[in-house]
Amino acid sequence: MQKQKVITILGPTASGKSALGVYLAKKMGSSIISGDAFQVYQGMDIGTAKVSRSEMEGVPHYLVDCFHPTESYSAAIFAEKASHYIEIENNSGRIPFIVGGTGLYIEGLLAGFEFRDKGSTRQHWMDLYEKEGIAGLIAAAKNIPTIKEIPQDKQRLIRSLELATDNKSQQAGRAADLVYKGPVIGISMDREKLYERINLRVEHMFEQGLEQEVRALLASGIPADAQAFKGIGYKEMLAYIRGELSLHGAKELIKKNTRHFAKRQLTWFRHMPYIQWIERSDTEDNSWYEQAEQLIYTYYSM
């Protein structure tokens with residue numbers, strides 16, 4: 001059976017993947033499927049750095065603004081919906097782009113992980129972590145024979161548990177193992193420059209009205225314990241609104257947590273050996289777009 005085609009662009013937060021995706025999709029007359037865990041939520045635009053209608057430049061976007069903040073969203077749901085949209089686009093003669101930074105979602109789709117149900121296996125292990133901490137996760141991992149080495153890092157440990165308890169626990173190690181045909185392009189850039197971009201993005205979020213966005217969501221009846229509020233930017237603002245942080249403290253914590261998140265994203269991506277990396281050396285120079293174009297051209301010319 002012939003594999004369906006999809007082009008993947010991934011990278012850490014604030015690396016410029018959304019703009020690159022729009023540029024390439026527009027040039028190819030294609031569409032974008034968002035590989036982000038929070039941009040699906042309606043009314044959560046500023047804190048998720050959601051691509052705006054004007055920034056979309058007419059490129060159709062799937063899985064953006066299509067879930068109510070009280071609805072659950074998981075890697076299994078993403079994989080189900082994304083595969084549906086890929087099929088639609090392929091049947092119309094187009095190769096869509098997956099653009100995002102949620103490693104589990106994208107890897108699960110590309111490698112064909114089989115999730116036990118539409119609820120997130122990840123949530124089970126996250127709940128255990130909240131109750132028992134890292135010690136609880138380690139204890140659980142010791143009872144699963146397929147986990148040979150137990151990571152001490154929370155994110156990697158949860159990932160190991162997640163994969164080990166799904167029906168399909170082997171991740172793809174080569175491009176040939178992937179479910180879809182197409183290049184997987186990763187954006188890399190100098191760590192300090194990335195952190196500068198993250199800090200500037202957070203400042204911009206506050207200027208745009210992040211606090212007002214969170215207050216409006218609460219006023220509309222969205223409970224503070226909704227899954228959508230677990231995203232970076234929202235949970236810190238909730239702490240500020242509850243009086244647990246100053247506004248400045250919330251802002252600095254968002255910057256810190258986002259930097260840590262970017263680091264975790266890169267760690268996750270480094271364990272996806274089929275990624276072809278392009279270097280974004282100059283934050284003001286878009287010549288790196290040509291690197292991505294060349295990778296796509298070369299892949300489909302083979």
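Backbone N, Cα and C define each Cβ position, glycine as well.
TrEMBL assigns the feature region 'Interaction with substrate tRNA' to residues 155-159, out of the candidate ranges 45-49, 155-159, 205-209. Of the recorded residues, Thr102 (site 'Interaction with substrate tRNA') and Pro12 (ATP binding site) place their C-alpha atoms 9 Å from one another.
Arg122 (site 'Interaction with substrate tRNA') and Pro12 (ATP binding site) are 20 Å apart (CA-CA, integer value). DSSP assigns Thr102 (site 'Interaction with substrate tRNA') to coil in the three-state reduction, outside any helix or strand. Annotation for the binding-site residues Thr13, Ser18: lowest Cβ count within 10 Å of the residue's own Cβ, Thr13.
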